[in-house]
Amino acid sequence: SLRLAGGRSRCEGRVELEKHGTWGTVCDDGWDIPDGHVVCRQLRCGHAVRAPGNATFGRGHGPILRDELGCGGHERHLWECPAAPEHDCSHKEDAGVVCSEHQEWRLSGGRDGCAGRLEVFFRSTWSTVCDSSWYRLESAVLCRSLGCGDPLRQLSFGHTLPGKMLYECGSFQPSLASCRWTFNKSAPCHQSRAVGVVCNGMGS
C-alpha cells in the first residue's frame, strides 16, 4: 500500500499511498527527512537521504491523501504519523524521497552517455564496478536500462572512486538493482579491474 513512482529505482520517487483501492499522493507541506525515513524503512530501502517536494519526480494523480505529515521517524507505517484532516494542496506539491539504497548508473568518459566507465551511485557516493563477475548478460541489462540498446564490447579501467560494487545477474533483469549485488566486499573484487561498456545506442 506504499510505493515510489517516477524515480530511477524502486528506492527513489514520488511517494504514493493506497486507500480503498485508489492510489494517491502526499502533500509536501511539512514534508521532511523523518517522514522520508518512515517511507524508506517501510520499503526496505534504508533511510532517507533527501526529501524533495514540489513534484520533483513529476505530478501524481488521484487524491492527495496526506498533508502536514509530522512523523517522528520511528513509525512503522506512514499512516501512523499525525497529519492534517484536510489538505489545501495540488499535485504540483507532491512529496518525494531518495532513500539510501537507491542505485543509479552512468557511463562516464565516453563519446556519449552510452559508452565509458561504469559508475554507480549508491549510499550517497559514486563507485566503480568490479569486472570479476561481469559478462555479456550484465552489460545487456545495463545498456537496456540506460536506453542505450545492446552491448557492443566491454572495456577495462582502473578503480579510482571510493567504493566498489559487484553485480551477478543470472538472468535478464530490468535493472542491475534486481540482480545480486555486493558493495565494498574486498575478496570478490580482489585484483579486479573497473568495468566499462560500449553500447550500440546513442546517448544524450
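Each Cβ is built from the backbone N, Cα and C atoms, and glycine gets one as well.
Features of the protein shown, as given by TrEMBL:
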| type | residues | note |
| --- | --- | --- |
| DISULFID | CYS71-CYS81 | disulfide bond |
| DISULFID | CYS169-CYS179 | disulfide bond |
| DOMAIN | 2-100 | domain 'SRCR' |
| DOMAIN | 105-200 | domain 'SRCR' |
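Rounded to the nearest whole angstrom, the C-alpha distance between CYS71 (disulfide bond) and CYS179 (disulfide bond) is 33. Annotation for CYS81 (disulfide bond): same-chain Cβ neighbours under 8 Å, separated by at least 6 residues, are ASP35, VAL38, ARG66, LEU69, GLY70, CYS71, GLY72, GLU75.
Counted with DSSP, the domain 'SRCR' (105-200) comes out as 17 helix, 42 strand, 37 coil. Around CYS179 (disulfide bond), the same-chain residues at least 6 positions away in sequence with a Cβ under 8 Å from its Cβ are GLU138, VAL141, TYR167, GLU168, CYS169, GLY170, GLN173.
If you take every residue in the domain 'SRCR' (2-100) and average the pLDDT, you get 95. The 10 Å shell around the Cβ of CYS71 (disulfide bond) contains 23 further Cβ atoms across the protein chains shown. Its Cβ taken as reference, CYS169 (disulfide bond) is surrounded by 21 other Cβ atoms within 10 Å in the chains shown.
According to DSSP, the secondary structure content of the domain 'SRCR' (2-100) in residues is 16 helix, 30 strand, 53 coil.
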